[in-house]
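Comments concern the structure below.
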Ligand code: DCP
Ligand code: MG
């Protein structure tokens, strides 16, 4: 039964209890573990940053540093404009501490946190280095879910020494929004009866699966909040966005029934299709690649996969396999870009006879980050050519390919 339609007095027991954990300003918190004097101070962790330099991008900023407007994906140079370095301005109360990314440390700390989570959840779905979902239905009950959430936070704080925000809800999508609702050090429990009310005022751009482009399209339809989305006509949404539109409508209503299950993560997603014999009609080839590109991009979106590399495969007679790929500066979920890049890569085969074509996205990232912050790095021009002629087959062992399945069979 959908949340919110329960008869008064009926037990809530059948509702799952899903817990989402997201560590607060994770890299900065890890730096504080190494150097406790950073506690309470503005801390910026820079990727590609070296002490004293001004290059690199902000990986994360402590909440104190965020008060100065410093945020993920910002250039270090511009972060320094709003928050100068303590090292250079020791007496300035409005200066902060800058550190370089230390992945080994963060991986280690993240691993310790995950160990605790595996003890506390029946099933755990790791999303990224600092984020996971737990199904805790059989470990707690709605009446005491808040205490359970507090226990999770306290164990992490006591045993690892880093702060976490926790959301508890009957579904994954709402649990994630709940953990984000009161960051840092947040604990938000959304009971089954309260899901619709909790979701109603949330910005539509924050609904899981809504990227910046779709958010704009929804706003054009007059849909500003999750509440508007929940009240929208599902047929209209399906017309506009296909099956994805129905998913979004369900999520906005708290009807996200995805089970919390450990995820086997593919290395790449691809689709290919063969022509009968070979074709000299390059328009046909272009159209086929456009169709494949759309299918692959759609599959990536459904799997919550961001990709850093977009590639094509062209097989010419007798059976010469050519692959071309382009690497992007950061992971994206951008169907238009997949179309654009694959058409571009296809260009050099205009005069060839073609047996078979394929489209692949690889270098996948499942961390569900905000795309806006990632495209912040994105200046495609700088990254072209870098991955040309990469061996298509190299990582095919874990490729989630549809092989030669005919079009229309993809999920
Ligand atoms: N990260 C990154 N580049 C980004 C975003 C994040 O390198 N554009 C890294 C640094 C973060 C970590 O991933 O510490 C986790 O990402 P989150 O989005 O969870 O951000 P934080 O944990 O830093 O902050 P919050 O408290 O908002 O969760
Ligand atoms: Mg985090």
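Including glycine, each Cβ sits where the backbone N, Cα and C put it.
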Stretch carrying region 'Disordered' according to TrEMBL (options 206-241, 242-277, 278-313): 242-277
Where TrEMBL places region 'Disordered' among the ranges 330-370, 371-411: 371-411
Residue 22 (Mg(2+) binding site) to residue 131 (active site) - Cα separation in whole Å: 4
Mapped DSSP class for residue 130 (Mg(2+) binding site), helix or strand or coil: coil
Length of the line joining the Cα atoms of residue 130 (Mg(2+) binding site) and residue 27 (site 'Substrate discrimination'), in Å: 9
Inter-residue C-alpha distance, residue 27 (site 'Substrate discrimination') and residue 131 (active site) (nearest angstrom): 12
